[in-house]
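Annotated features, as they stand in TrEMBL:
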- 12-32: transmembrane segment (TRANSMEM)
- 44-68: transmembrane segment (TRANSMEM)
- 89-113: transmembrane segment (TRANSMEM)
- 149-167: transmembrane segment (TRANSMEM)
- 179-199: transmembrane segment (TRANSMEM)
- 219-241: transmembrane segment (TRANSMEM)
- 253-282: transmembrane segment (TRANSMEM)
- 302-335: transmembrane segment (TRANSMEM)
- 347-365: transmembrane segment (TRANSMEM)
- 385-404: transmembrane segment (TRANSMEM)
- 425-449: transmembrane segment (TRANSMEM)
Amino acid sequence: MDQLNSNREQWGSRLGFILAAMGSAVGLGNIWRFSYVTGENGGAAFLLVYLLCIIAIGIPIIMAEFTIGRKAQSDAVGSFEKLAPGKPWILAGFMGVASAFIILSFYGVIAGWTVKYFFSYLTGGFSVQNDEAYADVFVGFITSTYEPLFWQFAFMAITVGIVFVGVKKGIEATNKILMPLLAILVVILAGYSLSLGGASEALSFLFTPDWSKLADPNVYLAALGQAFFSLSLGMGALITYGSYLSKKEQLPGAALGVAALDTGFAIIAGLMIFPAVFAFGIEPGFGPGLVFITLPGIFDSIAFGTLFGLAFFFLLAAAALSSAVSLLEVAVAYFIRKFSWSRQKASLIVGGIIFLLGIPSSLGIGPLSDITFFGKDILDSMDFIASNILLPLGGLIIALFMGWGWKKTDALAESDFGDTAIGHAWIFTLRYFAPIAIFLIFLASTGLLDLIKSLFS
Ligand code: PHE
């Protein structure tokens, strides 16, 4: 088997794999999506459920994906083919490839916005009269027809370029320097934001739960979806990255490291955004544009603000890039194997299709804003289907596969847990807790749980 795989790439070093997995996890999900979803779902109560989802569902499934990927040494679909030929588990692989297409299609749109903001700061920043005007500038930009498409194209072209060159050369190097820089910058900005006068309101919004929010099942679904999205989980991205790993690494440490870093980033991003949101009188539930209207206000009021804006949007775009690369890699790795395409051909074709697929998401905000599904525009609908439905469902299947489809002794050995208490707790979580929790959250958010309850009362 190793002979067959001898032409597959491998990470250059142990650090290379962890950095790449972290680069996949840390992205727009931590800053853009985390802050607006937290804002929309009422803050602290949401945050609590989100943290529970990370610990009790997310980390165990990260471990499952790493273990599957390293064992199978194949892509999201191929891994299931290899480990369980002819079994239905492979559905998770196909859903993963589909999710990669859907997520990257709108991810490219938002990432394009960050690239545009970077260029705006490069040319001197925004000159506006008052804080409300940042919303006007932003809305004017995203509702226009061609400009967002241009930036989306630019971002996707860079993403394709990196995947074109290949896993090792392309991905490892970029993450090593830029991610720590982004972390430092976000911490500095959080410190500054906390000094703006909205700190106490922001802290109570983020950390003092309004328990009544927990009565709304959609809060759970949003938290679950955010956990999966932010951890790059449930779609085989971590299977694919795990497959470039040699047998020498210790997986549990890597899984914990990725989850801790990703969650830390999100919380500090919250501390950067929300104090400013309250200080500037912005509505926390403003929606997907939240960071794009809040941050320029911060940069405007800080010394060397234009430089900060420049550095921030550059690093955010870089973080988005390493996540986008992992999304594209899921699909590209599959097409390379399935159709025997070259890496170059696969990156260009798949990347091109995903760019085209993203166009409606971009236009749906402006010219096509009449098209909505359950009140959501095209981008939000894509995001909802992929993040809140496909990823948790993929995670559910992966958990069941590892928990029930593997011999327990194999699962424990291949995961590096071995015959330990924590290893057994992990298997228990995969077998029972995670699948049941995900299932109940689905059930509750469709209203079915209420229906069932009412039948018994
Ligand atoms: N986790 C990435 C982010 O937070 C997005 C992503 C989702 C990447 C799924 C890969 C797979 O931005």
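In case you wondered, yes, glycine gets a Cβ from its N, Cα and C as well.
Against the transmembrane segment (44-68), stretch 219-241 has more CB pairs under 8 A than any other of 89-113, 149-167, 219-241, 302-335. Between the transmembrane segment (425-449) and the transmembrane segment (149-167), the number of CB pairs under 8 angstroms, six or more residues apart, is fewer than three, so the stretches are not in contact.
Touching of the transmembrane segment (253-282) and the transmembrane segment (12-32) is concluded from the presence of at least three CB pairs under 8 A, sequence neighbours closer than 6 excluded.
Long-range contacts of the transmembrane segment (219-241) within the same chain, counting only residues at least 6 positions beyond its ends with a Cβ under 8 Å from a Cβ of the stretch, are 17, 20-21, 24-25, 29-30, 33-34, 37, 40-42, 45-46, 49-50, 52-54, 57-58, 61-62, 65-66, 68-69, 72, 75-77, 79, 92-93, 95-97, 99-100, 103, 213, 258-259, 262-263, 266, 323, 326-327, 329-330, 333, 384, 387-395, 398, 438, 441-442, 444-445.
Counting Cβ pairs under 8 Å that are 6 or more residues apart, the transmembrane segment (179-199) and the transmembrane segment (302-335) reach 3 or more and are in contact. Looking at which of 12-32, 149-167, 347-365, 385-404 has the most CB pairs under 8 Å to the transmembrane segment (302-335), the answer is the stretch 12-32. Of the candidate ranges 12-32, 347-365, 385-404, 347-365 has the most C-beta pairs within less than 8 angstroms of the transmembrane segment (149-167). Outside the transmembrane segment (12-32), and at least 6 residues removed from its termini, the chain residues within Cβ reach (under 8 Å) are 107, 110-111, 114, 167-168, 171-172, 174-176, 179, 182, 186, 226, 229-232, 237-238, 241, 244-245, 248-249, 254, 257-259, 261-262, 265-266, 269, 273, 288, 290-291, 316, 319-320, 322-326.
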